[in-house]
Amino acid sequence: MSASMAATSTSSATATTFIKCVTVGDGAVGKTCLLISYTSNTFPTDYVPTVFDNFNANVLVDGKTVNLGLWDTAGQEDYNRVRPLSYRGADVFILAFSLISRPSFENIAKKWVPELRHYAPTVPIVLVGTKSDLRDNMQFPKNYPGACTIFPEQGQELRKEIGALAYIECSSKAQMNVKAVFDEAIKVVLHPPSKTKKRKRKIGLCHVL
């Protein structure tokens, strides 16, 4: 499968398929930064809690136009009652944790998966570890000696545990694997793995214009 994206806040009348993609995870793990980085190729230098407006991007997939709807959610407990309203009609969840935050990693299985499976039991999940640039920075352990980082093997184990269809590590600040996150989200919706051949599924490359 090949895909190219033309980011636009206006839906195309020629779009044949709509995919609603919702980001979920603890507060301050970088969900909003991920969306801003993907749609504008910029990185906000200051933390601002969930100010990303719902955004539509027209994506060309194998010659057909797909309208990708991106929804941001707030991870703080104050939003526990209103957050599930965003789950209605979701086609895929991007479930994010920070690679430099053990609590956000542990909350994936403790809090977020139970919540998603309660409100949207059949919607596929793409597990995403954010802030890989900090995790891989040799100065980080020196600057934050008490921090407990998460490594790829742990992320893959969590993916298997929760039944996510993919695991990707990314850095919004460094623009590393940002596009790959959303490419994967599109793929799991358009080409869901069969129950018998899930592990044999081959995934093509996507290209952004």
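Using the three backbone atoms N, Cα and C, a Cβ is placed for every residue, glycine included.
When Swiss-Prot is compared with the stretches 11-19, 29-37, 47-55, 173-181, the one noted as motif 'Effector region' is 47-55. The secondary structure of Gln76 (GTP binding site), as reduced to three states from DSSP, is coil rather than helix or strand.
Of all the binding-site residues listed here (Thr73, Gln76, Ser132), it is Gln76 whose C-beta has the fewest other C-beta atoms within 10 angstroms. A simple Cβ count within 10 Å picks out one of the binding-site residues Gly25, Ala28, Lys31 as the most packed, and that one is Lys31.
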